[in-house]
Amino acid sequence: MINLALVIFLCTLLNQIVSWVGKSVLQEIAFTAYSWVFLSGTAAKQRKLRKQVLEDKAELGRTSSQDEFAKWAKLRRKLDKGLADLEKTNNTLSSSRSSFSKKFSTLLWLMTTGAQFLLSWWFRKQPIFWLPEGWVPYPVAWLLSFPSAPIGSVSSGAWGAICRRVLSTLQEIIQSLLAPSPAATGPVPTGPSSAKNDQPEAKIEALALEHEKLD
């Protein structure tokens, strides 16, 4: 029989991993893998069209519309067709990305939040494990068994909340350990240095005044 406590813990762990890494990062990684398998031909066509359009633009810029009108018109038609094909390919890739994002978000929600809700509701009356008799006061025992598990046991909902709290605490501890310590910076002296810098200027002004008096 599958251990229900372990299943709930793994679902909670998966949810926390998604929160730590970031949904957008996971979605980008998944779409890159999906594109490499299913959209490699379209992506290669996009790169080829983009390269061709750039070459046609450069050649069109070097061609005079007055001196070489026939060649210029031919290049212009070729460039317009290339731009139209490139836009069509870009729209195809954009549509595929949008569709993939919706499906991936739905799948991710079902695997994390949806699975947690389903497990908590489906096994709401089943105790995950029992507490020793008299180990906690009655209000705490009732809270741990909420909503429908027997008093004295830990319900699936309470167990999921405990797992989330423990994982969040571990995350905070790891982040505090990995965080760089702020560098010790001493106070910047301003008064004495400015006073020292002002002394030569004061001496120069006094000497100038004495010379003016002598003159």
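The backbone N, Cα and C atoms fix where each Cβ goes, and this holds for glycine too.
Membrane topology of SER95 relative to ALA179, as recorded in Swiss-Prot: same side. As annotated in Swiss-Prot, transmembrane segment covers the listed stretch 5-24 rather than the other ranges in 5-24, 65-84. Tertiary neighbourhood of the transmembrane segment (109-129): same-chain residues 4-5, 7-8, 11-12, 14-15, 18, 145, 147-150, 153-160, selected by CB-CB distance under 8 Å and a gap of 6+ residues from either end. DSSP assignment over the topological domain 'Cytoplasmic' (25-108) gives 77 helix, 0 strand, 7 coil.
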